[in-house]
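Structure first, then comments.
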Amino acid sequence: MKVTIAHNNYDKTLKTVAYLKEILKKKNVVFDAKYPDVVISVGGDGTLINAFHRYENQVDSVRFIGVHTGHLGFYTDWRNYDIDKMVDALLLTDEAPAKYPLLEIKLITESGETKYHLAVNESAVKRVSHTLEADVYINDELFENFRGDGLCVSTPTGSTAYSKSLGGAVIHPRLKALQMTEIASINNRVFRTLSAPIVIAPDQWITIVPNADHFVMTVDGARIDVRNAKKIEYRISHHSIQFDQFGHHHFWSRVQDAFIGENNSND
């Protein structure tokens, strides 16, 4: 087994990483940052998502483990005080990994060039200082003419992130569905949109055709300035992000822990 560690640079994280490296070396674990079997992310969700994008070209052969050292971690199963237990489980457990759907993004330019991206959580299309005007298609059939600040397309696990703050539903990852949420849509006698999140089946796709030469597309929060784009296609990828399943909390436990916490009722 070949392992690498991805981490942020906070003091608490660096102390955890130093201890983790010490334990792994004692267990004679091989470190390989180029072609790892397992990526251990120490920090928070942002650290893990950055680690995914670093190894997304190896997504079918890499598994992820998240160690949480901050205040909130949706993708992190272990705490910094669980390092010994986590390493023992890593070396002794041979369970099939838990798999979560990924978002495939296909950006097609006016010249016919195609650029591909993968997202763990979501991708959004926006304009910086102007209203976004875009035609939205589902399975190549026109669905609506959108006017507003932007549009967000998310995975099921991404439904707990930016999409949720936009009023989207929280979707279990086994559904493998896409969700599109509107960002401050304009609705009046001239412009009409659905003004509600939509959820589509895993064998369907969403196409956004912006009526602008220049706009911003985000992929898991990373900004991409886009010029001369013809359209953007979104669908559930045939790839998945894989998490080692030992100690893996089920989806609704993660949601409850992240957004509700302990029951503080005085009853």
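We number each residue from 1, going along the chain as drawn.
A Cβ is built for glycine as well, from the same backbone N, Cα and C atoms used for every other residue.
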(request) Have a look through Ala98, Ala177, Ala184 and flag the one Swiss-Prot assigns to the NAD(+) site that Asp45, Gly46, Asn121, Glu122, Arg147, Asp149, Thr160, Ala161, Tyr162, Ser163, Lys164, Ser165 belong to. (result) Ala184
(message) Just checking a number: largest C-alpha distance across Asp45, Gly46, Asn121, Glu122, Arg147, Asp149, Thr160, Ala161, Tyr162, Ser163, Lys164, Ser165, Ala184 for the NAD(+) site, rounded to a whole Å.
(response) 32
(request) Could you check what DSSP calls Tyr162 (NAD(+) binding site) once collapsed to helix, strand or coil? (result) helix
(request) Any same-chain residues 6+ apart from Tyr162 (NAD(+) binding site) with CB under 8 Å of its CB? Would you list them in sequence order, or say none? (result) Asn121, Glu122, Ala124, Cys152, Ser154, Gly221
(message) Under 8 Å between C-beta atoms and at least six apart in sequence, can you list the same-chain neighbours of Arg147 (NAD(+) binding site), or say none if there are none?
(response) Thr131, Leu132, Glu133, Ser185, Ile186, Phe191, Thr193
